[in-house]
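What follows is a short report on a single structure.
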Amino acid sequence: MSDLSIVQYALIALIFVWSGFVRSGLGFGGAVLSLPFLLLVLDQPLVFLPIIAVHLLVFSSLTIWMNNRKRPDSDGVPAESTVDWKYLWRILGIMIVPKLIGVFGLITMPGNILSAIIFVIVALYSISYIVNKPFRSGSKAVDAVFLMIGGYISGTSLIGAPLIIAVAAQHLPREKLRDTLFALWFILVVIKMAAFIWAGVDLQLIHHLWLLPCAAVGHVIGLQVHDRILKAETPVFFRVLGVVLLVVSSIGMVSVLG
């Protein structure tokens, strides 16, 4: 990424501002909502994935730490964690094996078929949120299948978040949804980063010096938006979530069909 034009560098910087914004605003989407645009500038996924991964590690851990600093309430009792650790470990137990399979490429599925399945499922979920009738599978088996597929995709390309959040949003209170997802992404990305290092992938460390501040700008703006979303009525929160998921799935389907 050392021989690009000024325009390309500027576009990459703006896209990383956008990436930081959606990540902190919604708790997901930093990769799936930015990678398609980045690839239009430079069609080399392995250039951007390590950068996105490091940004997620930095900002997810920072956000969780800031939200969970020991601030006792009026009775002197520490505030409840913004991360639902019990639910986190439960879904991680379901996802970890498919995640490792995806990381090490032990099972290879046709990319277009896998992507199409994911985006169709996500689109159905998103429409149900937009019309204020969130889908409830009523089946732990169905949820487990979706989590396993999401885990596999996150192992291959870090873009399994929409399918995972479609399940998690059913079971987590909205005030804990983002930070619980951040904690999950942190664990999953650590595994992926270890694989990058093991495979000798260039982590693009020099480019973090200017792209990390870009993502930080978007991150700060996203935090403000997230606070406003939480103060909105519950249907508004789910409609925003649904619209974002529908945009994600639409972009994905266009890329698959293209």
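For all residues, glycine too, the Cβ spot is worked out from N, Cα and C.
Values in this document were obtained by computation on a predicted structure and should not be read as measured data.
The transmembrane segment annotation in TrEMBL covers 6-39, 46-67, 87-106, 113-132, 144-169, 181-199, 205-225, 237-257.
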* Asked: Which of 6-39, 46-67, 181-199, 205-225 shares the most C-beta pairs under 8 angstroms with the transmembrane segment (237-257)?
  -> 6-39
* **seg_contact(the transmembrane segment (46-67), the transmembrane segment (87-106)) with at least 3 CB pairs under 8 angstroms, min sep 6** => no
* Cβ pairs under 8 Å between the transmembrane segment (87-106) and the transmembrane segment (205-225), at least three -> no
* Structure fact -> Stretch winning on C-beta pairs under 8 A with the transmembrane segment (181-199) (pool: 6-39, 144-169, 205-225) is 144-169
